[in-house]
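Feature annotations, reproduced from Swiss-Prot:
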{"type": "BINDING", "residues": "Gly23, Ala24, Gly25, Arg26, Asp73, Val74, Tyr164, Ala165, Thr166, Ala167, Lys168", "note": "NADP(+) binding site"}
{"type": "BINDING", "residues": "Ser152", "note": "substrate binding site"}
{"type": "ACT_SITE", "residues": "Tyr164", "note": "active site, proton acceptor"}
Amino acid sequence: MTSPADATTEVAVSQESVAMVTGAGRGIGAATAERLAAEGMAVIVVDRTEQDTRATVAAIRTAGGRARGIGCDVAVAQAVTAAVATAVEEFGRIDVLVNCAGINRDRLLLTMGDQEWDTVLDVNLGGTMRCSFAVGRHMRRQGHGRIINFSSVAARGNAGQTNYATAKGAIAGFTRTLAAELGPHGVTVNAIAPGFVATPMVDELAERLGGDRDSVMSEAAKSSAVGRIGTPEEIAATVVFVARPESGYLTGETVHVDGGRP
């Protein structure tokens, strides 16, 4: 059994550690990759294509960090297996996995087609499962690791997002169950549920609503106790906290970072 003293010596955020972040080409994923690199980790930047990873990789390297971009569609099992194999071959291990890849296809259920439903679940939930499976096997052999998934406050229910809310709600259950399975092997599994955050998705939402970015953010801020929306950097800071060795007693939880949304 691991003692409290042993827990503080686990490999997590350190200059010898390696993190893999999916959906890291923009938004929260990019901010997370850059923050982990700033903490001294080598970061495997994963997005749908290698080209999508280049801006984040360049930002990390410009700041003096270590990064490698890998193109991978998390909806394809073979692509995930290949990406993880490449990462392990090049870096030797993966200490932190951040499952940040996600999409939305918002539409009321009664007007939603099978493809819009299936695609959202396959990327958000299926991608989390595939990456956790591939990386979790390596972490189990290592005897340590952090898996950090992304749920959302939308899991509580949000009109026009039955597909997205279902996927994000399922991730919370997936997280708690996987934590029980991997805990005996020194691997913690947690999820982060952001509220409304200023990312490129805001522009996409504004376009769908026929409004502008500022008006969408202003309206969203009204539902927050702190009177504003969040930033990708604030979510990234939470990822770093969960990834730290000192957080080894935290597992199976979904951490809400939503500015006090009711």
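Numbers run from 1 along the shown chain.
Backbone N, Cα and C atoms are what each Cβ position is placed from, and that goes for glycine too.
Sequence features annotated in Swiss-Prot and their locations in the structure.
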{"residue": "Gly23", "record": "NADP(+) binding site", "Cβ contacts under 8 Å, 6 or more apart": "Gly29, Val46, Asp47, Asn99, Cys100, Ala101, Gly102"}
{"residue": "Gly25", "record": "NADP(+) binding site", "Cβ contacts under 8 Å, 6 or more apart": "Val45, Asp47, Arg48, Asp52, Thr53, Ala55, Thr56"}
{"residue": "Asp73", "record": "NADP(+) binding site", "Cβ contacts under 8 Å, 6 or more apart": "Arg48, Ala79"}
{"residue": "Ser152", "record": "substrate binding site", "Cβ contacts under 8 Å, 6 or more apart": "Tyr164, Ala165, Lys168, Ala193, Pro194"}
{"residue": "Thr166", "record": "NADP(+) binding site", "Cβ contacts under 8 Å, 6 or more apart": "Leu121"}
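In this entry, NADP(+) is bound by Gly23, Ala24, Gly25, Arg26, Asp73, Val74, Tyr164, Ala165, Thr166, Ala167, Lys168, whose most widely separated C-alpha atoms sit 24 angstrom apart.
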